[in-house]
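Feature list (source: TrEMBL):
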- 17-39: transmembrane segment (TRANSMEM)
- 110-128: transmembrane segment (TRANSMEM)
- 148-168: transmembrane segment (TRANSMEM)
- 180-197: transmembrane segment (TRANSMEM)
- 203-222: transmembrane segment (TRANSMEM)
- 242-262: transmembrane segment (TRANSMEM)
- 268-288: transmembrane segment (TRANSMEM)
Amino acid sequence: MATGSWLKVLSASPDHFYVAFLGQALVGIAQIFILGVPARLAAVWFGPRQVSTACALGVFGNQGAVFQKEPPLPPSPAQATLRHEVTVSDKSVERHAYLKTLKSLFTNRNFVLLLISYGINVGVFYVVSTLLNQIVLLHFANAEEDAGRIGLTIVLAGVVGSVTGGIVLDKTHRFKESILVVYFMALAGMLAFTFTLKLGHIWIIYLTSGFLGFFMTGYLGIGYEFAAELTYPIPEGTSSGLLNASSEVFGVLFTLTGGEILDAYGDMATNCTMAALLLAGLAMTTLIEGTALKRQAAVAARCVHSYLQQDEILTTQT
């Protein structure tokens, strides 16, 4: 990733387009191996009261930190149970083989719905990020600098939104409710951005873009954690990797389609199409049954541990 980034820096010249393209290709290939890290890292290293916040922070910090594979002691009963199963039984390791894991995920109705709705949400975000400069310049002449600042506003608001979402999840453990609220607010932000462009006030676009970025980017960490809950005990890295793959596929399709619509029909048609896609994703999200398998496993593990402790005490007394 660092090599690709430096190639992009060195390509800052009109006749070095292919160097920039090569650098971006290297970055794209490299990020495949790190985008799925936050969910797995948070689950392995942090307990149930910190895991969502850690995942949210990891979404933005996965490119600048180094962690060993796992801590010496499991941070939660769920992780202890999962680590024990994988360690003591060859059959368990075989059961969690990659191809069987994929089959299990793609036959999980709730995960498939999340996979599609997640891809739609992030894909729309890619469209907004990619076409933002063109859309802003259609309504505000010579506003190249403002377009860049608006993009920065989206990113910074997204950082705050992601961390806020993680904290809320750690406090409430209301996964489906949280993801529905965030998805709905992302849709509202998209509509606000769409219909305020024609007002002619650039400061309003800063506000609506920040609102959109807060919820649309804040959705990322919540999506990872919800996937981990729906698919436990499948490793979090696998489910988050598939979510990233879905977002990349939808991002490419939506960006190409959005660009064509923008050229042919204008920004209103493009933004309304993206809003309609978000509405479809929201509808899919409502169909997900929010079963917190990971949390249930943690509670069950605590119950078993407590029972074993009581049994040991009674045995000692007798």
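Keep in mind that glycine also has a Cβ here, set from the backbone N, Cα and C atoms.
It should be emphasised that the depicted structure is a prediction, and the values quoted were computed from it without experimental measurement.
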Feature contact check the transmembrane segment (242-262) with the transmembrane segment (148-168), CB under 8 Å, 3 or more pairs: no
Recorded stretch that, among 110-128, 203-222, 268-288, has the most CB pairs under 8 Å to the transmembrane segment (242-262): 110-128
Ranked first among 110-128, 180-197, 203-222 for CB pairs under 8 angstroms with the transmembrane segment (268-288): 110-128
Remote residues contacting the transmembrane segment (110-128) - C-beta distance under 8 A, at least 6 residues beyond either end: 154, 183, 186, 190, 193, 212, 216-217, 219-220, 223, 226-227, 230-231, 239, 242-243, 246-247, 249-251, 253-255, 258, 270, 274, 277-278, 280-282, 284-285, 287-289, 291
